[in-house]
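**Student:** Here TrEMBL flags A:151-213, A:214-273 as domain 'CBS'. If you look up TrEMBL, you'll see A:299-319, A:331-355, A:375-395, A:401-421, A:433-453 marked as transmembrane segment.
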């Protein structure tokens, strides 16, 4: 995607003006009113149109897409997710197809090619010039989630011993096809990265200054085979708008631009959030997904958690004699395991996030255990005060004391487990976000019951 | 923060090379080894140093900070969170204090000023030149979370009837103090925004072209008093690196830069995640927060949820006769309410995220209800198959049938509630992220028990 594109002929979009919801593109196209549809398309920015297309079924979306003129069609197409791009492509004639695919940035094209069926991919590659084909093929060589997968290979690299004036000429000569010219990597004769200069420094500097003098220290860079999320968070931390990408021999191979970095970070955050709720991460559009598709992404975890919950049946079954002697204990089962689950989920989510943004490291394990244990016990004491009042009101002081003591222990235990599991996962090289709140909750449910019934046996002497 | 800064004299940081954990700055400073500490500071990038300082207590962090030379101190200081900046400031002498504060970008300074005590704020404003003081005061006028709060007021604006060559001269003359010169707003005589040109177009274009010809359509902009998150997501959607900010009369007042937009989006995501786990959002550093502070952010929700859980006690109490006649029903309480809670949490998190990124709108309410209801029933049927096997193994077919039927109804109900509540919240103009998974879980717990016991009464005829 062109990082700096501005939609042509679009009215001022002020971010706090709500889009009027009633006349969506879908409604207009559904009614087969072509003139209002074309007016709508003329009056909205490419990303807004792409968003509307993603919400529509394939046939309607294809119909609406063909109403766009050539230049705007490309801008809209680049904003679509690969799965939606494929739907649009499959409905196009050869000439429009070629125009669209040839106009895309190589990195966006490569990303699309990975998700389309082999037949479509062949048609796409066949329509490219040899130069574009080579560049796309290079990007296809990097695994999904790697920096190389997201980078743009079209970079203007400068030699170090060049005056600023000549460097600007070089940017003018070579810059028109590059996705960005704001960050200009400086390389040696072997194309090894030795520094970075900003276009800003060239423009503001004197024409006779040598490029080498503008280089500020050694460059920050990422390896093409490295993790795209790590590289993106590095850009975020260091406030970089472009990050040079190098191969294993430190040779420049591309640039990771901020718009792709933001996309990577947002995808990672969405994934973390999905995982935290115990659903498999997916990249589709909610409103465009079918019911079976939505169910499929949730079924696995729900089923695993159900099987794990069998443990709670086993525990309750084991303590049935206790439960028979004090039937009122059953009243507080949901309240106790609920509170434990909540305390555990809070700790887990906090620690998963702290790990993701780099505030906590694996080496902090002991410190986190000690911290969460105290936080949990503290919260447990507060809950116990309220829990004992509730218990006394419903069934009397004795069981209320059991509920109170159990709340303190369960909260301390739940927070410790919740805070520790993401760190242990990371230590075992599992994505800590896999430690979902429901997973912690289910684990805490069973152990919480053990704590509750054992406390009851001790306090009530049964 | 300077968007394009590069740390001076820092070795290549390749994103996939892990930082060696053993020699953290804290350990080195704690041992009072000054030479290795200074070496460490020389060898790390400002954002890495800032990260280490944030993990340390105030005294040690202040000690380490004073070891930095003037230029690097500013770069590190700008990377710190306001709360950490304040700790550092309070330990500095007047001259270093003035140097540091005068060197900051006005938007970062304004953000810090909001969080420091009045005494420190007065000291900060007193140390500024009249020009810097005026600019800071302007930013302080915008409410937290607004675009104005995050924008940079130092912008190079161009008149429309200027040739590219002269525009470049203007950028050279005025650009050195601006945070970015990559996006150049074009304004009329009344400073009203009429378009945007990119520095790239000036550099690549011919010097005689008029600025007006380079303007691509009407500008995309955000109002200074509007929501910063909305503006940031607009930039993300339209792939903009800078967004012009206007007042209520469309007059240019600043630029929202991509680094601040990324910060806004990440803060919003962190907040959504915290809320999803039922903790109050906060911006502090996990490892630097005290135990009481951590507990404070979780206590409110945990307490509210405990009080809400009293409903489960009431429901179980009401159905106690049923429970007495079939004591085995108690065995499956945790499993049933657990599954319902999980199904509800999955739906809630999916919908909160879909709302946040704009895939779902309030007008989709009925469609979401219909979708989630079917997804929930589908998942419920799958769980029921397994649940009936578990039930039969433990207590026999009759109760197993009750468990199976209850699972189907509870899952359908939980998914519907979980998916609907965030949309209803948005309709009532409450932040949908407030509908946390624990809130849905607690609500589903009580209603799930009603469904379970009612099913039992009907099926078992008691």
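Using N, Cα and C of the backbone, Cβ positions are placed for all residues, glycine too.
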**Student:** Let me spell it out: take the transmembrane segment (A:299-319), skip the flanking residues so only those 6+ beyond its ends count, and list any with a Cβ under 8 Å from a Cβ in it.
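**Tutor:** Distal contacts: 278-280, 333, 337, 436, 438-439, 442-443, 445-446, 449-450, 453.
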**Student:** Near the transmembrane segment (A:401-421), which same-chain residues lie under 8 Å Cβ to Cβ, leaving out any that are not at least 6 residues past its ends?
**Tutor:** 329, 332, 335-337, 339-341, 343-348, 350-351, 365, 368-369, 371-373, 375-377, 379-381, 383-385, 387-388, 390-391, 435, 439-440, 443-444, 447-448, 451-452, 455-456, 459-460
**Student:** Looking only at the domain 'CBS' (A:151-213), how are its residues distributed among DSSP helix, strand and coil?
**Tutor:** 23 helix, 17 strand, 23 coil
**Student:** Which bits of the chain, at least 6 residues beyond where the transmembrane segment (A:375-395) starts or stops, bring a Cβ under 8 A of a Cβ in it?
**Tutor:** 328, 331-332, 335, 339, 343, 347, 401-405, 407-416
**Student:** If I take every residue in the domain 'CBS' (A:151-213) and average their pLDDT values, what number comes out?
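**Tutor:** Taking every residue in the domain 'CBS' (A:151-213) and averaging pLDDT yields 90.
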**Student:** If you run through the domain 'CBS' (A:214-273) with DSSP, how many residues end up as helix, strand and coil?
**Tutor:** 28 helix, 17 strand, 15 coil
